[in-house]
Amino acid sequence: MKESRKKLNRLISTAIVSCMVMGASYENVLALENKSQNNSEKVVKYDNEAEYIKNIRLRWKEDLVGNSSLDTSNATISKKIISYTNNTDKLVAKLNMDPNAQWLWEDLKDYKQNPARITSMFNNLVTMSMAYSLPNNKYYKNEDLKNKIIYSLDWINKNAYNENIDQYGNWWDWMIGIPARLNNIVVLMYDDLTEEQVKNYMNAIQKFLPSIEPGSKYHTGANLADVCMNKLLQGVNENDPEKIKEASEDIVGVFDYVTSGDGFYKDGSYLQHGMVAYTGSYGNVLIEKISNIMFLLEKTPWSIKSESKDNVYKWIFESFNPIIYKGYVMDMVRGRAISRYNANGYLQASGIIEGMIKIGMISDGDKASEINALVKKWATEAKSVLDFGARFKSINVIGEFYGIMNNDNIKPLEEGDKHYALNSMDKTVHKRENFALGISRSSSRISKYEFMNKENLTPWFQGDGMTYLFNNDLNQFSGNFWATVDPYRMPGTTVDTRKREPKEILPGLDPGASQQNEIYYELGKSNWSGGSKLGAYGVAGMEIDNKYDSLKAKKSWFMFDDEIVALGSGITNPEDFETETIVENRKIKSDGSNKFIVDGKERVSKLKEKDKVDNAKWAYLEGNVSGSNIGYYFPEGANINLIKDEREGNWINVNSSKPEADKVVKDNYLTMYIDHGKAIKDQKYSYVLLPNKTEDKVKEYSENPNVEIIQNDDVAHSVKHKKLNIEAANFWKEGKNTAGNITSTGKSSIIIKENKDNTLSIAVSDPTFLEKNLSIEINKPAMEVIKSDKRISNINLENGKIKFDANTENLSGAPLELLVKLGDKNNGNNENNNEIKNEAPVIEGEDANLFVGDKWDKSLHKLKAKDKEDGDLTKNIKIKDNQIPLNDQFEVTKPGTYPVTFEVSDNNGKKAEKKLNVLVKEKEENKPENKPENQENKPEIKPEDQENQSTKPESEENKGENPQANNNTEKLPNTGGASNLSLGAIGVLLATVGTMFTKKRKK
């Protein structure tokens, strides 16, 4: 029988080779495997659901531990295997297999009081199962280890997690933490478990996760993605298509943008727990789980059916990209996770990047290219701190990641200057080439912080305008920052310094009780928190009105190219406690040697020194590394207090959830603050941050500043940038108020900019989220309206002023824009002054030169698209027509000159086209010789090529869209049709196979 199968395989192989030579498609011969780089075009099809389910299970196992062609020579994979081996050594040594034992591991014996210990037990078994499943280690398929794993699974099922036990403690462990780990163990050990064992384990999951309830208390946002993934794998492990269907259908809502509650918002925000900015922690979990579900279900009967599914690509660039700088997830969107001793922004980014790569693996060429470029940017910038690949959970993605990093054709994404008003979560991000600023705001809508599960015990001022200045000092906010920083003096904040106690839950109540929310979160009493933006420039502000003290203050930030202006006014606190504004609290060198200069004189030159300087004009702080100096300019002079000290802290004091966090650590800090005094009224401040400037440049700036403070009082904050011709204002009061050239009838945030083409851009937003209509007046003469948001009405350009109404209702702080042509309307001859004009965009690009066998993609043409009204439209460029002969790998197959046409549309529907050529030449070594068409003519497969083919993960070969369904996709060769000759050849060969087996049976 085996010999007959060998003959059959040889004949089928011959048929396949013959068909390939004659031009027939491989898939027309036998659809055995999905070998296409275009996932949406070629699909493995099975006869029944059981085969699909088996394939999903094997696909997930392969994702966890790779397949038979796993490249164990890869240094990262090798280190992972060693790590699993070493950790398994420790776990096996401490495993208690006494039949009468009350615990498996002594450090987890209190599992009956704390379900997190059950989660940890399953964590241990995941580690052991990985060691059992990964080659090149002593535990690979080790019988003794297998028995220990199965013994432990049965012990836990009997004693700790089964369908007869009632839930206690944190719901998360029962519904999310434990099922995720148990499912993975079953996938890894599936062939070694009995049906009864699998059934018992899955029954336990069913007890605590009987169904998915989208929108219920625990099934929203990232938590919903978690339970859907758990239900999906539960269905896979017990071969239940209904559970897989349930997961596929219930995950759909996650893809929709939300306007309240948990999820992604159109302005780039992400909220979890209804009021906490959480892109960098729960958002991390969401994209990880979403990527896994999409990865497993695409091209199966349970693929996700949602028109919003492509929003995941928007999340990557509009939600995750803003809050990551040089590979670091900004702490202001990590919630209570900032207090974990074994986590930081780089580690959070690794999870986001892993999810992005997996999404890229099942995406079409353009989307995958954009994702890979962003991945490469972050990984390149952060490589001196962390190798992201070493942190990935998926062995499959590790190989994909290094493929991206080692591919010279993939260039790191070039972004340029950006400003993000993430108003739905009260956060602002301002990015420049060499620095980024994050501002953590709060309001009556968004909490200042999150405390929960004994995590983040000293969070009091994290949302009171804390500023995060990122530069080349890549470790400024990582390391032991959160254990050692003075929690009363967060940079950027204005605070009442009365002593506060570490957070504790209310005694006598369940941790999940609604009354605990007053402890977990702290909302302010003011709804004024928001800002406006124009292109890469922006203004933000917030009003402090606290529940638990009497402090009130108005705070603003005006963000330009080289400077950030910070204003404060109305600072009032009738109580007998010091009120401070913290200008800076920066982690400095281990020896504290950073120079700190004030008005040309060095201050606090040594650790443990304090100083005070009255009426300071400027200051300079030497950075820890090149590209991390910071300048400070005080436009109105400031009395500043200085401290250079060593601070000792302990992670257990900020997070007592894990005993192993009990670690004493030390860091040095330079602190600069303004002391407003006690029992104060209507105090104010002003300072300007000058990132990356040298001492001389800071001094020069102070003598000739680019910014002018127009107003800093209880009515408005207003600043003008003289070089950029930008003016911005935050209005704090209702009624008609004026600051500089800007007048508003209500609380608003407004920015205007005079452009080089003699136009004026205007952006208006409602920071309270409550205004229905704002009447705005700009004291500038204008001739005509060029472009206007649909919500802007009653535009009037008479009498040398620009007047209009802005309907801001239900916009959640999003800005509205108006563009006008400057000039005296009364002196112009244009009869249609208020007519909105729209010009077509323009595409620029160049021809490409390739050799046969080279890969083609549209980036080779260096395309750019610009539009007078909409700006840069490069990302919107699509392929209209493509005549290039390409194979499934997007490699050019024939020499010649081939046209490709690109098109782009602006926001008003006007289109532009650009026709470019691709000149393809024959490589010298590819020129045919006069040999018969036989095996000698077949292309040589080099050993390294063969290795690459065998180790390439399946999903890497599944990128693209059906060119018949989408004309914007690169044209692929028509592999669906075969010549009559080749089909005839198949028929003859298969007939021969049939005859052979008929004769065999007769014998």
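Just so it is clear, glycine is given a Cβ too, placed from its N, Cα and C backbone atoms.
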Which range, 9-26, 315-332, 981-998, does TrEMBL list as transmembrane segment?
981-998
Work through the active-site residues one by one (His273, Arg336) and point out the residue whose CB has the fewest other CB atoms within 10 angstroms.
His273
In whole Å, how far does the CA atom of Arg336 (active site) lie from that of Tyr282 (active site)?
11
Residues satisfying Cβ distance under 8 Å from Tyr282 (active site), sequence separation of at least 6:
Gly221, Ala222, Asn223, Tyr270, Gln272, Gly335
Where does Tyr282 (active site) sit by DSSP, helix, strand or coil?
helix
